[in-house]
Amino acid sequence: MLVRKVPGFVPASPWGLRLPQKFVFLLFLSGLVTLCFGALFLLPNSSRLKRLFLAPRTQQPGLEAVAQVASHPRAHGQESPPNPAPAAPAPGEDDPGSQASSRRRKGWLRRTHPTGPREEATAARGSGATALRPQEGSVPSSFDFKAFRSRLRHPVLGTRADRSKEPQSLVHTQREKIKEMMRFAWQSYKRYAMGKNELRPLTRDGYEGNMFGGLSGATVIDSLDTLYLMELKEEFQEAKAWVEESFHLNVSGEASLFEVNIRYIGGLLSAFYLTGEEVFRIKAIKLGEKLLPAFDTPTGIPKGVVNFKSGSNRSWGWAMAGSSSILAEFGSLHLEFLHLTQLSGNQVFAEKVRNIRKVLREIDKPFGLYPNFLSPVSGNWMQHHVSVGGLGDSFYEYLIKSWLMSAKTDMEAKEMYYEALEAIETHLVNVSPGGLTYIAEWRGGILDHKMGHLACFSGGMIALGAEDAKEEKRAHYRELAAQITKTCHESYARSDTKLGPEAFWFNSGREAVATQTSESYYILRPEVVESYMYLWRQTHSPIYREWGWEVVMALEKYCRTEAGFSGIQDVYSKVPNHDNKQQTFFLAETLKYLYLLFSEDDMLSLEDWVFNTEAHPLPVNHSDSSGWGGG
Ligand SMILES: *[C@@H]1O[C@H](CO)[C@@H](O)[C@H](O)[C@H]1NC(C)=O
Ligand SMILES: *[C@@H]1O[C@H](CO)[C@@H](O)[C@H](O)[C@H]1NC(C)=O
Ligand SMILES: CC(=O)N[C@H]1CO[C@H](CO)[C@@H](O)[C@@H]1O
């Protein structure tokens, strides 16, 4: 990471040094100055961690040739344009301007030295790892699935009352189209990459990535609930059979706590709540246990990386020289971990996330804002960079969703959410000269007038939270949500492909467009359609379905290949340069949110479900039984 190159930068705390006091003071001072300098100028543009694995700009050597021959039928039968796929310059290893997530991903890939001596014994000591040790294959449960289902306010897939009268309707046709896209994405994955983490549609093979500690089948787990929802029954059975027979947890690599939680645990939990199948519950809990060593820190704030073999933990090398945990990572565990406790009876999971909450509740927040980097050892913020996009995003999302998931009993989450939102509005929300509302990024008081694609989820979040805000704020938040969503739509509308770039700026005279080619890619991300879905449910303004349909058309035109969907390198070029990845979140999130956008509101009703940050639905904790009464 760049900060490391600054001469004199002292990542470790200088207090422990046995040196004359004066020197220690000087050292501290220089460290502080460097830190501030780093915070202001040197920190890379943020990019949500979740997307590290994606490697948007890593074309394999030789891929160009493959890309050239890969042509594919268009939705409406037109010829696919020639695909010259100019070799994307590999992000220079020492190029400070290269895209942040690439740099971070490389930091991860290129770490070759061992993290230090590890005793196998520490694994056993890993907090809670021994608290739950059932025999292989079973985890005791006192969870009453039938009673849970009877408490839901709506049938899971909705009443579909209008189904018979709408077969010819436009919305029905649109929904069927999205279902066809899901079937195609799944079948392509199954054909070329079954059991691998994701499909590479141009090379027609699978890719494991390096975020999951050796776990496989991320696309399978991420697809389960979407297949179920779309009633792709045969495909769902294929996915379930794979989980039963081939999803092994006896792996020994290094995994991202956050990624494994939101994708695997989230996906398994949803599959369980939708079907009641024990296999999903048991594997979710067993996987949850494997993550517990991450929490073995002085503050209980987990580190980002767990070693499944040794049970040791560490922080990302790029996170303030390996000293920090990331807000969006440790702040996006609450929903899943409460459910792990509910489904296992083991309190350890809930204790871990309650402790995180406590630390965050008590810590000083600059201007009420939550910076992105926190030391799991000292419990102090490591810099003052605030973002509703990468590195920060889903922490805020999980506050409001914790409140909703608790059936509006978790007052603490509610307060923290609205306080944070007020601070964000005061310090980060801006209106451009052209009248577009956006959320800037904050670096110790200095604003970057840019918004990442990732930050576009916030339109949906603010809409979702508007209803429970103070009376006098509700209309305002609804309007703010609509304005931000409109801005994100503009980032799509102003591109040649009608798909939005990774990041877009507001200080160049041209607004809501990327200013560098390194920010011009689109990797099948969901955040914009996610906001369309929430805004549709809140307003039923037809504009959101229109915008959603524009995305469907653009995906078909520019991202569909013969063997699956692929991201593209440049949304400003009508000649698609595919990145050869069908991201797992395309099936988990993008297609699911699109499908919901064209469905009735009572399909996965927001009264009954909250979506985790990978779009896996988790049930609201209704304690009374005034449900619709069926399963
Ligand atoms: C995990 O267990 C399965 C079945 O018992 C076995 O086939 C597989 O090779 C094991 N994997 C590892 C990494 O040990
Ligand atoms: C649901 O509420 C009950 C009772 O308050 C609580 O014990 C349980 O942990 C909650 N479950 C979740 C998933 O929050
Ligand atoms: C099991 C394990 O490796 N735990 C380590 C996690 O990180 C903390 C803080 O650095 C260490 O003290 C633990 O030993």
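Backbone N, Cα and C atoms are what each Cβ position is placed from, and that goes for glycine too.
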If you consult TrEMBL, the disulfide counterpart of Cys488 among Cys456, Cys559 turns out to be Cys456
For Glu259 (active site, proton donor) and Thr613 (Ca(2+) binding site), the CA-to-CA distance in whole Å is 10
Rounded to a whole number of Å, the separation of the Cα atoms of Glu502 (active site, proton donor) and Cys456 (disulfide bond) comes to 10
Taking Glu259, Asp393, Cys488, Thr613 as the recorded positions, the residues having C-beta under 6 A from ligand 3 are none
Rounding to whole Å, the Cα atoms of Cys488 (disulfide bond) and Glu527 (active site) are apart by 9
Comparing the Cα of Glu527 (active site) with the Cα atoms of the recorded positions Asp393, Cys456, Thr613, the shortest distance belongs to Cys456
Cβ neighbour count within 10 Å, max among the active-site residues Glu502, Glu527, goes to Glu502
One residue among the active-site residues Glu259, Asp393 has the fewest other C-beta atoms within 10 A of its C-beta, namely Glu259
